Amino acid sequence: MPAVGAIGAGNSNNKEYPGKLTPFVTATCVVAAMGGLIFGYDIGISGGVTSMDPFLMKFFPSVYKKKNLDKTTNQYCQYNSQTLTMFTSSLYLAALLASLLASTVTRRFGRKLSMFFGGLLFLVGALINAFAYHIWMLIVGRILLGFGIGFANQAVPLYLSEMAPYKYRGALNIGFQFSITIGILVANVLNYFFAKINGGWGWRLSLGGAMVPALIITIGSLILPDTPNSMILRGERNAAKAHLKRIRGVDNVDEEFYDLVAASEASKQVDHPWRNLFQRKYTPHLTMATLIPFFQQLTGINVIMFYAPVLFNSIGFKNDASLMSAVITGLVNMFATIVSIYGVDKWGRRALFLEGGVQMLICQAIVAAAIGAKFGIDGNPGDLPQWYAVVVVLFICVYVAGFAWSWGPLGWLVPSEIFPLEIRSAAQSVTVSVNMLFTFLVAQVFLTMLCTMKFGLFIFFGFFVVLMTIFVHFLLPETKGIPIEEMGEIWKAHPVWSKFVNDDHGCAYGVKLGNGAMKDVV
């Protein structure tokens, strides 16, 4: 579906705001996007640490025994421990709860404060984990890390979408996902080297290293300016207009400014944004806020990213080889995200979604066949030839690349750009909450599912890849090149969503602008 511009007052032309990509806004978005480092670092560090024998001996001795001493254990089941998975997944329940609280903080006090809280909580959690001597310390640390991720993931995508010029919004917003991939890669590299430290205390460095990305986002949030949208919402209109001129690099920002004011006035009329989410006119927004993060997690990507070293070890690689394979997938993840940064505002969101879905499905089928052929049902493959390992890693990398330029970055970008200001913070919290809920469920049940379903696990996730590709094809409109406060028109032009969003969508009342004209609020 072609992009549809909003209808401005008195004309039907696609609306285009003046402005350019200034060094100031580029630097600002780069700093803000680094909020993704804490999420990525944690994703990458968890699987590596849980494959380190000294860590398992200290906190999960039963898993260590099954892995190293019990030679009769099915390869699929050697890491199957609910306590071990709770260590990984407890973070995401905490992030879910924190994202709901972050909605109020973000709406009332601005995006910066939520980012600051996110970095600070993550910093404290990293300290506790680094010095943990009991399992309860690990869990408490993970919960605090989760609170930090919940705040950061709620605020950063909104900040980026509001700061970026609409023509470059996709590329700048994907900087968040790019930071996530950098965090994953750095964590995998550190795990590889820290696992070799004599004395077996390298896992403490891996967990404590999370303090570095935490400090980056904490300090960064203090020096960042707030978004014009947030400033207007808090009544700072003159400052917001001056700030808008600076970030757009032009003096003529009246049209965009008045649209932001109109959206702010509409937002102030909404006393209960959570309740408003369930109004009929917000049906497409709520659907996207729920199903996009749901499908993002059911692609199976976290099977790879959380447990890459565990997974590769389980399918027959040695410890060093499994950690190195995780580094390789991390590199692929990072460089493939650059493809999305380059193409998202050129090719559009839908094209990347659809191509990525097809690519992931093909790779999942091949990996399932390869693992099934060698490991069968009993999980005892015997000696694995080198070519086999290369084939498995190759197709897993192609799968990761497909995710990295489609559902990875776009799963954060699209929800953050489609919500009107009056429900934006609440709807973004729904996106983060659903993301964290299913991240938790996948992390919690993955090792049990691997033990039970064997190679069929990849077929299970492949089924959801088929569903989400169909969902995008029929229900997701193109959002490329549309100003964030003019996004309402895409729903009116859509053959399905137009039945829910009538011509009065978001226009229940008019807002008087500074030039004396009346403008419908979109």
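Including glycine, each Cβ sits where the backbone N, Cα and C put it.
The structure displayed is predicted, hence computed values, not measured ones.
Remote same-chain partners of the transmembrane segment (21-41), defined as residues 6 or more beyond its termini with a Cβ less than 8 Å from a stretch Cβ, comprise 115, 118-119, 122, 145, 148-149, 152-153, 155-156, 159-160, 163-165, 168, 172, 175-187, 209-210, 213-214, 216-217, 220, 223-225, 246-249. Feature annotation from TrEMBL assigns transmembrane segment to 21-41 (among others).
According to TrEMBL, the domain 'Major facilitator superfamily (MFS) profile' annotation covers 28-480. Computed over the domain 'Major facilitator superfamily (MFS) profile' (28-480), the whole-number mean pLDDT of the model equals 85.
What TrEMBL lists as transmembrane segment is 84-101 (among others).
Away from its own ends, the transmembrane segment (113-133) comes close to residues 32, 35, 38, 59, 98, 102, 105-106, 140-156, 159, 204-205, 207-211, 213-222, 224 of its chain (Cβ-Cβ under 8 Å, at least six residues beyond either end). Annotation comment: TrEMBL describes 113-133 (among others) as transmembrane segment.
Positions annotated as transmembrane segment by TrEMBL: 139-160 (among others).
According to TrEMBL, the transmembrane segment annotation covers 172-195 (among others).
The annotation transmembrane segment is assigned in TrEMBL to 201-224 (among others).
Per TrEMBL, the feature transmembrane segment maps to 286-310 (among others).
Taken from TrEMBL, the feature transmembrane segment applies to 322-344 (among others).
Tertiary proximity for the transmembrane segment (351-375) is limited to same-chain residues at least six positions away from its ends with a CB under 8 Å from its CB atoms, namely 75-76, 299-300, 315-316, 340, 343-344, 381, 384, 388, 391-392, 395-396, 398-399, 401-403, 405-407, 410, 454-459, 461-462, 465-466, 468-469, 472-473, 476. Residues or ranges marked as transmembrane segment by TrEMBL: 351-375 (among others).
Listed as Cβ neighbours of the transmembrane segment (387-414) (distance under 8 Å, sequence separation of 6 or more from its ends, same chain) are residues 153, 157, 161, 169-170, 173-174, 176-178, 180-181, 288, 292-293, 295-296, 299, 301, 304, 312, 315-317, 321, 325, 328-329, 332-334, 336-337, 339-341, 343-344, 349, 352-353, 355-360, 363-364, 366-367, 370-371, 374, 435, 468, 476, 479. Taken from TrEMBL, the feature transmembrane segment applies to 387-414 (among others).
The transmembrane segment annotation in TrEMBL covers 426-449 (among others). A Cβ distance under 8 Å defines the sequence-distant neighbours of the transmembrane segment (426-449), meaning residues of its chain 6+ beyond its ends; these are 79-82, 84-86, 88-89, 92-93, 95-96, 99-100, 102-103, 106-107, 146, 149-150, 153-154, 157-158, 273-274, 276-277, 282, 285-286, 289-290, 292-294, 296-298, 302-303, 306-307, 310, 411, 415-416, 419, 457, 460.
Within the same chain, residues 287-288, 291, 295, 298-300, 303, 349-350, 353-354, 357-358, 360-361, 364-365, 367-369, 371-372, 375, 407, 414, 446, 449, 496-497 sit at least 6 positions outside the transmembrane segment (455-476) and bring their C-beta atoms closer than 8 Å to a C-beta of that stretch. The annotation transmembrane segment is assigned in TrEMBL to 455-476 (among others).
Simply put, out of 84-101, 139-160, 172-195, 201-224, 172-195 has the most Cβ pairs sitting under 8 Å from the transmembrane segment (322-344). Sequence-remote contacts of a segment are chain residues at least 6 beyond its ends whose Cβ falls under 8 Å from one of its Cβ atoms, and for the transmembrane segment (172-195) they are 25-26, 29-30, 32-45, 48-49, 52, 156-157, 160-161, 163-164, 202-203, 205-206, 209, 213, 305, 308-309, 319-320, 323-324, 326-327, 329-331, 333-334, 337-338, 340-341, 344, 404, 408-410, 412-413, 416-417. Packing against the transmembrane segment (139-160) from elsewhere in the chain are residues 29, 32-33, 35-36, 38-39, 42, 86-88, 90-99, 101-103, 105-106, 111-112, 114-115, 117-129, 132, 169, 172-173, 175-176, 207, 210, 214, 217, 224, 227, 412-413, 415-416, 424-425, 428-429, 432, 435-436: each is 6 or more residues past its ends and has a CB under 8 Å from a CB in it.
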